[in-house]
Amino acid sequence: TGSSQLTESEKTVGQSPAVDLELPAKEQTRPEAKKDDSKQPEDDAEFSSPLMRLLQQEHRQQDSMQEPKPRSGLLFEISSDDGFQISSNSIEEAWKSLTDKVQEARSNARLKQLSFAGVNALKMLGIIHDAVVFLVEQLYGANRCRRYKFRFHHPAGEEEPPLNPHGSARAEVYHRKSTFDMFNFLASKHRQPPEYKPNEEDEEEVQLKSVRRATSMDLPMPMRFRHLKKTSKEAVGVYRSPIHGRGLFCKRTIDAGEMVIEYSGNVIRSTLTDKREKYYDGKGIGCYMFRIDDSEVVDATMHGNAARFINHSCEPNCYSRVIPIDGQKHIVIFAMRKIYRGEELTYDYKFPIEDASNKLACNCGTKKCRKFLN
């Protein structure tokens, strides 16, 4: 008759949560623990009070906070066709796991153990190779490596490309960054000059001394000059010089007064020297010229030989001399003293003295160095 009255079943449903809050947790789980201990966690979750549920959630959150977070970075994987696979965040650990497996396999097969002393994982796996570094520096997220010094690429955002006034890079004037030098390969560190031997003469030197060089000293000047064409390439060579760039070095012992090499090239009028020098400077090409007299100059820039690489020295071991052969003047380099194998050939450029603003520094390093070429 009254809507406020509840049935007995509704009272039971409404009172059940209150009963769960008042009952202790031990009394709820004790009967089930006696029956089967393996079902205890499920029964706890089913009959536990809301307070116990909150405590369990807090414990789970604490456990999840204590778990190590995955490291961000590169993942190195090594795998083979036979099913072997290693994955690690450290390349050293991956390489050590690989070497350990190799040693284990060799010991099982009763083979001799290999020595991995001095073997670097970065080098063996090619990580430090220029081609690999070129690709790794372009990976996504490489700009986050603040302590890394980029070799081939720069992170985006630090350097913006310059604006092209004409709208395209091809429409702009190209400025060469460095002076063009077609003889850079001669100064390579891989081309080592002959070993310097001041007091030793091998059997070949003794034989050539009587057959070739002694005869050339006794012959007239024109015959000695023709003989020089055949022997100059065997006597000297161009290598990296400590004085400046490239230099001419002695490949066999040369006696005093012997012809070393001719300074060859195109013979031009002296009035054209300034014009050609400006042309070479505009192209970024090094200029090599040698004056014969007041009216003629030898231009060895484009059509010269190894003599153009002879460096200046304030205490030289060679000297230059103009000799007439068949009605033409030639510049020949003579040995001032005995020059041993492996020694660099030098002579005095004898530049005219100029003002302090146009001085050229001298790098010969001798005791009598004048500090300047001019």
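Here the Cβ of each residue, glycine as well, is placed from N, Cα and C on the backbone.
From a predicted model like this one, the values you see are computed outputs, not experimental measurements.
Per TrEMBL, the feature compositional bias 'Polar residues' maps to 1-15.
TrEMBL lists 1-70 with the feature region 'Disordered'.
According to TrEMBL, the compositional bias 'Basic and acidic residues' annotation covers 23-42 (among others).
Here TrEMBL flags 56-70 (among others) as compositional bias 'Basic and acidic residues'.
According to TrEMBL, the feature domain 'SET' maps to 234-350.
The domain 'Post-SET' annotation in TrEMBL covers 358-374. Taking Cβ pairs closer than 8 Å, the domain 'Post-SET' (358-374) reaches residues 242-244, 311-315, 346, 349, 351-352 in its own chain, all 6 or more past its ends.
Helix, strand and coil counts from DSSP across the domain 'SET' (234-350) read 20 helix, 50 strand, 47 coil.
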